[in-house]
Amino acid sequence: MDLDGGDRDVNRRVYQRLGPAPAAASRQQKVCFHWQAGRCNRYPCPFLHVDQSSTGTNGTSKRAQQFPEDRNFQGPVRRSPNTSAHAGPSKWGRGRGGGTTGLAHFRKTEKLCNYWLGGHCTYGERCRYLHSWFVGDSFTFLTSLEGHQQAICGIALPSGSDKLYSGSKDESVRVWDCQSGQSVGVINLGSEIGCMISEGPWVFVGIPNGVKAWNIQTITELSLIGPVGQVYSLIVGNEMLFAGVQDGSILAWKFIASGNCFEPAASLNGHNGAVVSLIVGANRLYSGSMDKSIKVWDLVTLQCLQTLTEHTDVVMSVLCWDQFLLSASLDRTIKVWAATESGNLEVTYTHSEDQGVLSLRGMHDAEAKPVLLCACNDNTVRLYDLPSFSERGKLFSKLEVRAMEIGPGGLFFTGDGTGNLKVWKWMEQTQSVEQANNIG
């Protein structure tokens, strides 16, 4: 299989750079004056599009906001009596220009050229439509991994492995070598895959009426039974595996270290529709459902503490960031929730999109700044700074992106409805400026 996106040796070197995320840049960067005024139309702009009020004197974040995979993650917690979810001037959405979607220079040429997709556009650089899988100046497209025949439903990077795993509706799990980008194995499950995650050396795959569990270190394979219908979401928390099921239940299995196995622990009931998204944070489990609600569960007692009903359509994704819960829905909104003095969650900001939102993932860019990846059902993934929601760029695909995963060293992955898996990487600020100068 030939790799797209550039020279094979370059891609190999990029894949071999597996390590901690790059440290924040040490030198001060100048903020774009026109961006501050809301009218920058340079693409790419050589100056920063970021609010410096949230950065220190050396250009780094005053406090590194954490995502769930970070060890110091807290999540929504009860506020002190002197504060509330709405206390002080909110920084949410400050880069949105009153809540409008996107930046002007992203709108100008954001449509992909259909002839370019087919490989026969004759206009070349003179074409008015995009001949690129992305728009943005601080990340780049590395390569495309081809092999799946239907939509990719999950991507996993188990710890201690140099392999990437992807699960698809074509009933297969593919194993990719991270150094060469080659497919080195195909596991045919004979059932449509609903989701896939990894935790430590374990890879978990949701299928109809069960969950497959593989330990890549001990070569252990387990089949967890109990779900009724398709398993749409999986998450690990408090040494338990939780599965969101088509019948509206959430099943929990407890990991037994002595036997290297999982035993049924509980069934959490309350949703009236399939549970399609799960996240763990602040000793809580959050579940999003096709019944348009989010439920908050205590991770110790496994009791439901609160039901959130502000969305008007399916809650497709939930994500914890810093002291907030973010939820995405087919109602075309992303809601930001904060804890009140009583401990209950309330909406503190609502971000609107032009299309329904399918999935959220959080990561840090090459300068250690928090970024939100937002997959929409118009076949795009939008990248936003947090908490300003200033748009950093946009990724394009032939069909909607249903799976996203974060890798080491600034890598991230997207899987779309055609079965195509793309590999992306954040660039250092100096690289972005050099690229802008070369274009200019």
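In case you wondered, yes, glycine gets a Cβ from its N, Cα and C as well.
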Matching 26-52, 161-187, 377-403, 404-430 to TrEMBL annotations, zinc finger lands on 26-52
Which range is zinc finger per TrEMBL? Of 107-134, 191-218, 247-274, it is 107-134
Across the zinc finger (107-134), DSSP yields 8 helix, 3 strand, 17 coil
